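J.: Dumping what TrEMBL says about this protein:
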- 109-253: domain 'JmjC' (DOMAIN)
- 300-323: region 'Disordered' (REGION)
């Protein structure tokens, strides 16, 4: 029995900047880009080569005894290892621990020798660049479902990786805690705890070496390393610079205006607590209706359930075009 509607992420070949900006980026949907020149990293980045070039530089990593890392319950430990030791342990076929490195960084500053091997696709202006992050993980490692507030490209350099994505419009089905879903096991979810999860449409792809995955901001994603491998995430600012929290090195805090709005909502909810239950129910429904009318992309739909069931493609397209 199929749990969710499954949709294959479309694959595009021979994509250059013009094609990306004209045909892919405005759709605000995930896309696999195949055949983009990522540089000599595809041939060079063997375990031995990475160990040699990375050397004994210290990196902070996540270490877990189980393959499904859970950020909400912190079932992993933070450790610092020499880069060469981390790469060796992450590449082991037989292992009792699962390793992940995802430091916020500019690859060109942290590992300049390795950065020279990786060509960042020129799909956005250099002033929009935020970070390039190594994604090195053990086989079978699965990362929790979350969203990022910036557009990003996930480049798979070695190994293969399954990526499952969910639309921002399905957020109400994902049981969010902050920017993360409480549904840890997306393949065999506990439907007694998470009955609405089956309504979320599941977009899925498998990345091969050399593939790029465009992940638009706010799209939820969950990754599973089918093999130990190396990738690079490239994030860029697609909103005006002052929209982002200047003290956020990871680039995963909500935009400043969104944070203010959520704080105002919390204050409003505390105010409603002063009323009897039936009044809270009534005015809570009025608030939901008002928020829906003011913010939902599909302004013609006035019922939450109808809107989610009928609107199957993103209708919002207010963003700053890269480059």
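Backbone N, Cα and C atoms are what each Cβ position is placed from, and that goes for glycine too.
Can you walk me through where each of these features ends up in the structure?
T.: With DSSP classes pooled into helix, strand and coil, the tally for the domain 'JmjC' (109-253) is 23 helix, 53 strand, 69 coil.
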J.: Limited to the domain 'JmjC' (109-253), I'd like the whole-number average of pLDDT.
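T.: Mean pLDDT, the domain 'JmjC' (109-253): 93.
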